[in-house]
Amino acid sequence: MNFLPIFLDIHDRNCVVAGGGEVAARKVAMLLRAGAHVTVVAPRLCSELLEQLNEQSREGKLAYRAETFQDEHLADAVLVIAATDDFAVNQRISEAAKRLRIPVNVVDNPGLCSFIMPSIVDRTPVVVAVSSGGASPVLTRLLRARLETMIPMAYGRLAAYAGEFRDRVKHRFSQPAQRRRFWERVLQGPFAEMVFAGKDQAAKAWLERELENETEEPVKGEVYLVGAGPGDPELLTFRAMRLMQQADVVVYDRLVSPEILDMLRRDTPRIYAGKERNRHTMPQESINDLLVRLAKEGKRVLRLKGGDPFIFGRGGEEIETLAGHGIPFEVVPGITAANGAASYAGIPLTHRDYAQSCIFVTGHLKDGSVDLDWPMLARPKQTIVVYMGLLGLTVLCKQLIAHGLPNNTPAAIVQQGTTRKQRVLAATLETLPELTAAAHLVPPTLVIVGEVVNLHRKLAWFQPEGNLPGAE
């Protein structure tokens, strides 16, 4: 992040706006809505500001200094906005405010600002702020317009009523997890629908009954085994997104991308359970035991795995353990690396003219060899997808050639598929190992073998910056 988003309490505090035009008038109106006392400094005022002055000055909320800006105007200010049409004046205001360590915003000049103003979706007490860091105000405005259509106006009333009952709910339920689950059920159920329909009294009566009838039973834990997909956050399923937001704790793998981890709730504890070749941070048996222990503590456990949990993800072993302990679980499929990486590389895994079948195998080296059914893999008219095949690539290609595939059979390797770091190298079984070594590829990678690889040249649509020079 280039800027830290914060919400500043300026209620009954003095804020200074320098400028007397329409832009200044909009800034004054926003500050007044936030409860500030505003002092406007300008030689002249536009009609809109004059109207605001007539309305607000009697209440002591708005004051006017018919002067050019002087440093003394900042004497008791907690925030300053420079909205004049004179760059030199705006620069002087910025320098004075920074010297006094007062937050300053200069309209349309991020370089002079110590803070910038976001676009705001106001559903008080719910407020959503959107910013591009000054890079594209138009994009920010478009995002705000979209959010305005997605968030009903009644969300403000919904939040206000929840605030009225907050202390009672806290007193009713001693455990934070119980309170959170109560509110999740209430805010997604009949209470919310009644508020949206304008039936506020009925909604409050319903909530009263729920509080009276709710029992403080021990919280039951459960485990969500969720596929995070190959890396691009936009490939997550809606169900995965929902469970990511309601989990009490997350146990995640090495292949879950940082961008996806950023979509978790900030307050959710995270436990890393990644595995790398010859270095397992946590053995599989320990992971199984950890899931059981966390669930028995009453937690909703998100087991987040790269790709799909049932395709070389050892998800079956984990839920067997959970089932053996009587722990509830659910499985959310993810887009597996084969589907995601191949699609983003422009390589269809099946094609009427080239491949009538597709085989997924794992290419882990063990004692210098890869233990696979080579005669089956060397059949024509099929596509072979090899997970975790980077280190064993030379053995893989030699064995396929030795068992009957032509040495010029098309083959490709995809690094970090579906992400901005994706790199694709298309070659043949004979040349791919040497080209891969020269390119210094790193895991995670996916190897694809078969005639469909030739379609990559025509169908490659995803071209992130920094792709391999000369790669196809």
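Using the three backbone atoms N, Cα and C, a Cβ is placed for every residue, glycine included.
Binding of S-adenosyl-L-methionine is attributed by Swiss-Prot to P230, G306, G307, D308, I311, T336, A337, M388, and within the candidate set G189, G198, G274, G417 the record adds G417 to that site. G417 (S-adenosyl-L-methionine binding site) falls within neither a helix nor a strand when secondary structure is assigned with DSSP, and so counts as coil. When each of the binding-site residues G307, G417 is scored by how many other Cβ atoms sit within 10 Å of its Cβ, G417 comes out lowest. Within 10 Å of the C-beta of A337 (S-adenosyl-L-methionine binding site) we count 28 further C-beta atoms, all protein chains included. Excluding the listed site residues P230, G306, G307, D308, I311, T336, A337, M388, G417, the same chain places G229, L255, F312, G313, G334, I335, A338, G340, A341, Y387, P444, L446 with Cβ atoms within 8 Å of the centre of the S-adenosyl-L-methionine site Cβ atoms.
Mean pLDDT for the region 'Precorrin-2 dehydrogenase /sirohydrochlorin ferrochelatase' (1-207) in this predicted model: 93.
Long-range neighbours of D253 (active site, proton acceptor) (same chain, six or more residues apart, CB within less than 8 Å of its CB): A273, G274, K275, L304, K305, G306, G313.
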